[in-house]
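Student: Once you've had a glance at the structure underneath, I'll fire off some questions.
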Amino acid sequence: DVPKIPDSRGDSDCPRRGSLCERHCAAINNAQGDLGDLGCHLHRPRVPPATSISSCYQQHSEEVCESCVVKTTLTAENAVEANKLSNNYKFGFKKWKSHVTARPWEDRSEIVKELYSDLNVIRGSGGSTLTCGNILYLLLFGWWLSFLYILVAAVMFVTVIGAPYGRLCWNLAGYFLWPFGKVIQKVEVPKSHQACKAGAGESSALLGGPTPRRWRPQCWAGTGYWHRASTTAWLCLGYPVLALAHGLVCVTAWLLIVLIPVAKLSARATSRVLLLPPERVLIRRLRMTEVPLEGEVILCCYRAANPYYYKYAVDGINVFAVNLLPLVLVTLVLGYADSPNNLTGSAVKFTLALLSIMPLSYYIGMAIASISAQSNFAVGAVVNATFGSITELTFYITALIKGSREGNRCYAEVVKSALTGTLVGCVLFVPGLCMVIGGIRHQEQRFNSRSAGVSSALLFLSVGGVFAPTLFSKVYGKLVCGECHNVTQNPLGHYLCHNCHFDLMDNNGTLYYSHVQPLVYTVSILLPAAYLIGLFFTLKTHTHIYDIHISDCHMPGHHHSAVVHWSRWRALVILLLSTLCMSACADLATEHISPILTNSTISQYFIGVTVLAMVPELPEIVNGIQFALQNNLSLSIEIGNCIAVQVCMLQIPILVLFTIFYPTNFTLVFSDLHVYASMFSVVLMNYIFMDGKCDYFQGTVLVMVYFILLAVYFFAPSPSGC
């Protein structure tokens, strides 16, 4: 439907062309969706439905569609978030979904607010507590934790002086068996009994029963509680065992993520409940109690599991990255302390090193986004250009150094496979997967075809430049075969040859050193220059291609100052430390990949194209999926395109430059399989992105083509030299 423009001249008059273009752009923006999960919304003009301007629209529709640029107006909570959102649309900047500042509490949804609750809020109606997550808690933790409390209660009763704590543990055994729908309350001492009477003996409240009418409190003012004999027995015999058990429960539940409420429950029990005097701990069923005014609710839990905890963040860091950080420490300690492989083999160490790259990639991306959002354009561009590809370059350079020291050409071939795999995966798999997942929620998704066209043009240029030395060597190189057999037994008949390749070193390497190598150096200079021209084009002279407007989404009187998760100095320190750890993990991965390459029955092509290429890109894939779910497919596509362009225009020239100062076996001559797969992928991507809209079917085509190429690499023979 074409929007109607109210005009005082009547329905027969044709509206201005500019107005029609603006409203047509607004209509396209309506299909673009919003960024609601970011706390921001797209501002869309209210336009009445069309009635009588159809003839005028038909007259100008082609011109409008050609001249119309998809305009996007974003809103942000503060200036730092606005700068981060603007950087997401800039060519050459890392696209980052997560917030770099703390979001205002009132702007968060009720689901997110529940994730950060302290388990001390009583609801009006908690519903049924018989859920799958609660039953899972009972099977994993509840039964043995309750049994342990019963054993500790028996020990405390045996000591006689610890009888109050024995009664506390007995009641807590029932609580931790099924804590849902129950409340632990800290009982306050009545004011009339604040003064202690001399010679008063120990007493405790009746746990689990009705509230006593008269209080006989022990004198716990000041440090009196910690000087009791019963407290000493409790801290020596009971508390350490229970604290250790709760610590085990806390760590296990935290690693499972969906059971983080159980981790909070155990942490709060250890730090609060078990350190209170037993007289002041009151356990009640929720339906039988009303919290007195002087009482404090310590624990009140309804659900043991919450599937939305994948959104949980600690100081701006996603919980998955937090949980994987200890894996990095384990990898480094195990890799360098167990060099002879006495504890684990090379396969385990290689797997751990590769998995450790994922959280480190997340921390590097978060640090880059934080620095860019708090800095001017020049600093952000330098940081993105310097550290944007540090994850991949670290692994490639360490692999080339190891291959050069061992005289093994297989490492260079694996690096070429990883480069090709990153290119093909970011061109086919990343946008295809985002289209499929986004298309499940949105029937049709639109994106800025002009900005995608700029990236596609640079991608065509970069692929042509990267594979130019390869095509040159195919034309002028000498075909050399390892073994040939006469099939027809006739000297003039057909021959079947194996292990054929183009030899560039014939006649003492005249062809390579006189023709191919100068071409490689020329390409390595031209490609970064083209990248800089692309930056200047999109960020300086033709910024209207993106047309991003940032405005404030808060109502007057509700403005919030930016509270950044990571300051610039903190982000810089984390960036440097993550880069250092990344180098160590890459060194371990290349150190222990040799047995896998030599003993594995899988083609080395397949290992490089899949594992080594796509594992470091997992954080980028997650970002792309999140953008697609918000109907912001432009950023999902730009993520893949930018990585592919950086592979060809930055990473490969840097590797060529590195070989000048540190000679390795790396030459910019790829196998035929790499050339055909890359070129076909780029052509297919440009065909899909031609009309500026897509659906899940087109995404399925891209993903299926990617899997077909993976099958080709899987059944391909190993490259020469491996």
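Note: Cβ is positioned from N, Cα and C throughout, glycine not excepted.
Annotation comment: TrEMBL describes 132-182 as domain 'Inner membrane component'. Annotation source TrEMBL lists domain 'Sodium/calcium exchanger membrane region' at 348-468, 571-713. Annotation source TrEMBL lists transmembrane segment at 237-262, 317-337, 343-365, 377-398, 418-440, 452-472, 519-539, 571-590, 602-622, 643-662, 668-689, 696-716 (among others).
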Student: Among the recorded stretches 237-262, 377-398, 418-440, 668-689, 696-716, which has the greatest number of Cβ pairs closer than 8 Å to the transmembrane segment (571-590)?
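Tutor: Comparing 237-262, 377-398, 418-440, 668-689, 696-716 against the transmembrane segment (571-590), the winner is 377-398.
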Student: By DSSP assignment, list the helix, strand and coil residue numbers for the domain 'Sodium/calcium exchanger membrane region' (348-468), in that order.
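Tutor: Residue counts in helix, strand and coil order: 105 helix, 2 strand, 14 coil.
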Student: Just give the helix, strand and coil counts over the domain 'Sodium/calcium exchanger membrane region' (571-713), going by DSSP.
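Tutor: DSSP composition of the domain 'Sodium/calcium exchanger membrane region' (571-713): 117 helix, 2 strand, 24 coil.
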Student: Applying the under-8 angstroms CB criterion, which one of 317-337, 377-398, 418-440, 668-689, 696-716 scores highest with the transmembrane segment (602-622)?
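Tutor: Most Cβ pairs under 8 Å with the transmembrane segment (602-622) come from 418-440.
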Student: Go through the chain and flag residues at least 6 beyond the ends of the transmembrane segment (317-337) whose CB is under 8 A from any CB in it; none is fine as an answer.
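Tutor: Here the qualifying positions are 98, 254-255, 257, 260, 309-310, 343-344, 349, 352-353, 355-356, 358-360, 362-363, 366, 565, 581, 584-585, 588, 591-592.
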Student: DSSP helix, strand and coil counts for the domain 'Inner membrane component' (132-182)?
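Tutor: Residue counts in helix, strand and coil order: 42 helix, 2 strand, 7 coil.
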Student: Do at least three C-beta pairs under 8 angstroms join the transmembrane segment (377-398) to the transmembrane segment (668-689), pairs 6 or more apart in sequence?
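Tutor: Counting Cβ pairs under 8 Å, fewer than 3, so no.
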Student: Can you tell me which of 418-440, 519-539, 643-662, 668-689 gets the most C-beta pairs within less than 8 Å of the transmembrane segment (452-472)?
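Tutor: Checked against 418-440, 519-539, 643-662, 668-689; highest Cβ contact count belongs to 668-689.
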Student: Apart from its near flanks, which chain residues at least 6 from the ends of the transmembrane segment (519-539) lie with a Cβ under 8 angstroms of it?
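Tutor: Counting only partners 6 or more residues beyond its ends, the transmembrane segment (519-539) has Cβ contacts under 8 Å with 90-92, 377, 381, 451, 454, 458, 461-462, 465-466, 468-469, 472, 545-546, 645-646, 648-650, 652-653, 656-657, 667-668.
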Student: Could you tell me what the rest of the chain brings near the transmembrane segment (418-440), counting residues at least six beyond its ends with Cβ under 8 Å?
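Tutor: Answer is 392, 395-396, 459, 463, 608-610, 612-614, 617, 620-621, 624-625, 627-629, 631, 633, 636-637, 639-641, 643-644, 647-648, 651-652, 670, 674, 677-678, 681-682, 684-685, 694-703, 705-706, 709.
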